[in-house]
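Worksheet: one structure, shown below.
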Amino acid sequence: MFSCAYHFSLDFRFLFPALGGLLYGYDIGSTSSATISIQSASFSGISWYNLSSVEVGLITSGSLYGALIGSILAFNIADFLGRRKELILSAVLYLVGALITAVAPNLAILIIGRVLFGTGIGLAMHAAPMYIAETAPSQIRGLLISLKEFFIVLGMVAGYVVGSLLVETVAGWRYMYGVSTPLAVIMGIGMWWLAESPRWLLLRAIQGKGDARDLKDTAINCLCRLRGEAFGDTAPAQVEEILNELAFVGEEKEVTFGEVFQGKCLKALTIGCGLVLFQQITGQPSVLYYAASILQSAGFSAASDATRVSILLGLLKLIMTGVAVLAVDKLGRRPLLLGGVSGIVVSLFLLGSYYIFLNDAPLMAVGALLVYVGCYQLSFGPIGWLMISEIFPLRLRGRGLGVAVLVNFGANALVTFAFSPLEAWLGAGTLFYLFGVIGLVSLLFIFFVVPETKGLTLEEIEAKCL
C-alpha cells in the first residue's frame, strides 16, 4: 500500500500545511516581546500603554481562547469542508487576525485580532496533521507530520529573534504581529494550489455524499498530483485498494455524535487525548518559566536576558525536534515516547530536589533543564501530534481529532492558569515532584495503552491497533 517510489523533491508540498504550525510558534515567541513593547511609555507608540495585569493576560492568552474556539469549530465543520478548505480558512483567519492586531487603535480591537488569529491556530492544528497523514506515504508519514512540530519550534525561535530586534522600536509590537501576514498569504495560496485529500474524497464517495464516480476520478487525480506523474499508472489501483479497505472496516456508515465516544473511536480518543493531556500536564510551561533563574544561579550571564535564554532554549528545542523528525520512521513512535518521557521524569525529580535540598548544585539543575527540554522535543512534542493525526478511523477522524485538539488547548489553558497558585501553595520543588509523578503515570500509560504505528497505512492502523 502506497509502496510507490516517492521522491523527496516533492516534500516541499507538505510545507504549506506545516506553515500553520510555524505561525502558531511565531505567535508564542513574538508575544513575549510584544507585551513588553506595548507596555513601554517610550516605545509603545500608543496612549493606552498603561495596562493592568488582567489586560496583559488577555493579550497573551487571546490566541489561546481563539484556539479553543477554533477547535470547537473544527469538530463541526471539518468533515463538511474537507482538510484543504479548512486549512485555507485557517490561513484567512491568520491573515485577518494579524492585520487587525497590527493596526488595532485600542485594546478591544487588539484582543479581537488576537482571538481571530487564535481561531486560525485551532483550525490549523486540527487540519494540518490530518491532511498530511491522509496524503503522505506511510513510509515517511511520521517524518512529514513531525515537521509540523519542527515548524512550531522554528516559529518560536523566529518570534523570539524578531521580538528582540523590534522590542526597542517605536510601535515595535505592531511590526511583530504584522510579520505574520506574508506567511499567512503564502500558506493560503499554497493550500489553494495543493490537491484535496484523496481519502476524504473517497470517504464522501462511499457515504453517498456526491457522485461516486466523479469523486473517485477526482481522488485519482489528486493522488497523482500529490505523488507525482510517475505514480499515475498505479493510482487507480491504489484508490480501489483504499475503497475496499474503507468498506471492509465499515467506513460507509454515517457518523453520529455519540459514536465518537464508542468502540474504535473511544479507544483512539483514549490514546490520542491521553497523549496530548500528558503533553501539557507534565510541566513544560513551569520548567521554561524557571529557565532564566536556573541558568543565572549557575553563573551564565545570558540568564539576565530572558529573551536570550528563550532563543538559546529554542535552538536546543529545534535541534532535538529535528532529531525526532529524522528518527521517528526508523525507530518508531513508542521507543521515542518511552525514552524521552523517561528522561523527562528523571529531570523533573532532579529539578524538584534542587529547589528543596540541593541548592548548592546549580550545574545539576542546568543539566536537568537541558535534559527536560531535549527529551520533551524527542517525545511528547512531535509524537503527540503525530499519533492523534493517524490513530482515528477515517470517518471519525475529523471529529475525533477535533476533541483531541480541544483537550490539548484546554489542558494548556488549565496549566497556564493553575501554575501561579500551585507554585504559591506548594513551592517550586514540590510542584516539580508533582509533575514527576504525573510523568511516571504517563510512562505507564504509554507502555500499556499506546500502540506502535510505524510503517502501517492508516487503514492498517484502524484494522490492527483499534
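Cβ atoms are placed via backbone N, Cα and C, with glycine included.
All annotation found in TrEMBL is predicted automatically rather than curated by experts.
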Matching range for TrEMBL feature annotation, transmembrane segment, among 16-35, 56-75, 256-275: 56-75
Non-local residues, at least 6 beyond the ends, that sit with Cβ under 8 Å of the transmembrane segment (175-195): 13, 15-17, 19-20, 22-23, 26-27, 30, 33-34, 37, 84, 87-88, 90-92, 94-95, 98-99, 101-102, 113, 117, 120, 135, 159, 162-163, 166, 169, 221-223, 225-226
Best-contacting stretch, by C-beta pairs under 8 Å, relative to the transmembrane segment (363-388) and drawn from 309-328, 335-357, 400-419, 431-450: 335-357
Top partner of the transmembrane segment (431-450) among 87-105, 309-328, 335-357, 400-419 - counted as Cβ pairs under 8 Å: 335-357
Tertiary contacts of the transmembrane segment (56-75), as residues 6+ beyond its ends and Cβ separation under 8 Å: 27, 31, 34-35, 38-39, 86, 90, 93, 97, 107, 110-111, 114-127, 398-399, 401-403, 405-406, 408-410, 412-413, 416
Contacting positions for the transmembrane segment (400-419) when only residues 6+ beyond its ends and CB under 8 Å are counted: 61, 64-65, 67-68, 71-72, 74-76, 78, 122, 125-126, 129-130, 260, 265, 268-269, 272-273, 276-277, 279-281, 283, 285-286, 289, 384, 388-389, 392-393
Rounded mean pLDDT for the residues that make up the domain 'Major facilitator superfamily (MFS) profile' (13-454): 86
Tertiary contacts of the transmembrane segment (335-357) (same chain, 6+ residues out, Cβ under 8 Å): 278, 282-283, 287, 290, 294, 324, 327-328, 364-365, 367-369, 371-372, 374-380, 383, 427-433, 435-436, 439-440, 442-443, 446-447, 450
